[in-house]
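Inspection log for the structure reproduced underneath, given as structure tokens.
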């Protein structure tokens, strides 16, 4: 796993070391091994009070090093007094759960830490077996954890020492509140609680009161809905009917950039990915209706550089460390302004520069203005050559028609084969669908080259 260095945008103080925060030699060596040269601001502010036994509320923007901020104090306490089910970490998405588990095991490799991943979409029996091996740390989504607390014989968290709720605002936005309340009811009251969030909403404040009985140390690094200074933010305004043409133009102009394109629906994600592949762009979709295996497969292809364009719904907009994303394109303006901050937070991470370009049509002006009001800044217009854009219209329209045909053919083939097309079994890579239409890929694989040379 590639773990990013401490982000420059978190204002790293090179005069402070991890040892200065009170961490053990073993954990300091682990930080060095993983490329964490100096603690970030959220780590400097939250690790010392956590080591002193305080509950901690941490408010910090994405990419600021929050995972290590709560993981390192837990691992140090575990080293001092090891026991099974020492800590439970709850996160809103399956991908974030895997990421946290990987970082826990990487940071704790020197002390032999064992973690278990407990998420939906995976067989409960295999998870019950993992829990029976008594891991030190359980990393989970709330719904599946509650399922195991109710149904898995012999499993409980009565001796839990640490509870972490990461991306707490997102946990509550996804309606995990009732599940979290049920979980809190069976946890010991003398545990330590770390609550980390990008924002302090009324719901998060209520969760704080329900989960923390004493007076926590509150650490606030980010302003409410801030974006990092190394992020260049732009908009492009055009009529809705030209959206796909502008997308192809921008990807040609910014060729070589690793890119995430955000859409608001699963259908749009599939169609855009198919359209781009028909134009020769190495695109792959990811959305919440794919199986967990296919979602992770898509992410791994993107991280490994096998695909340079990821077309996504907001399933990947929060919390994931995807290294070296150069560009975020908001193909659809998010209806919730806060989602914008989390989308564009996928780039300009770990001290790198990044660009975010938002597509604005005649129907998006109001939500776009709400985004500008939320982040407190006016975005610059991204310079485009409209004549050059429209030169691509014919080829892009042809590729779009083909994408629609491919999706229809795929649905028809599934019906004729007698298989019910379950939502979580849609293709994970548009290659799967396009290969089923004979000659399609050969006919269109040079479209991008022709487009660039025109």
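Cβ coordinates are placed from backbone N, Cα and C, and glycine is handled just like the others.
What TrEMBL says about this one:
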| type | residues | note |
| --- | --- | --- |
| COMPBIAS | 408-417 | compositional bias 'Basic and acidic residues' |
| COMPBIAS | 433-442 | compositional bias 'Basic and acidic residues' |
| COMPBIAS | 443-454 | compositional bias 'Basic residues' |
| DOMAIN | 16-44 | domain 'DEAD-box RNA helicase Q' |
| DOMAIN | 47-218 | domain 'Helicase ATP-binding' |
| DOMAIN | 246-390 | domain 'Helicase C-terminal' |
| REGION | 408-454 | region 'Disordered' |
| MOTIF | 16-44 | motif 'Q motif' |
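Averaged across the domain 'Helicase C-terminal' (246-390), pLDDT in this predicted model comes to 90. DSSP assignment over the domain 'DEAD-box RNA helicase Q' (16-44) gives 16 helix, 0 strand, 13 coil. As a summary of secondary structure, the compositional bias 'Basic and acidic residues' (408-417) carries 9 helix, 0 strand, 1 coil according to DSSP.
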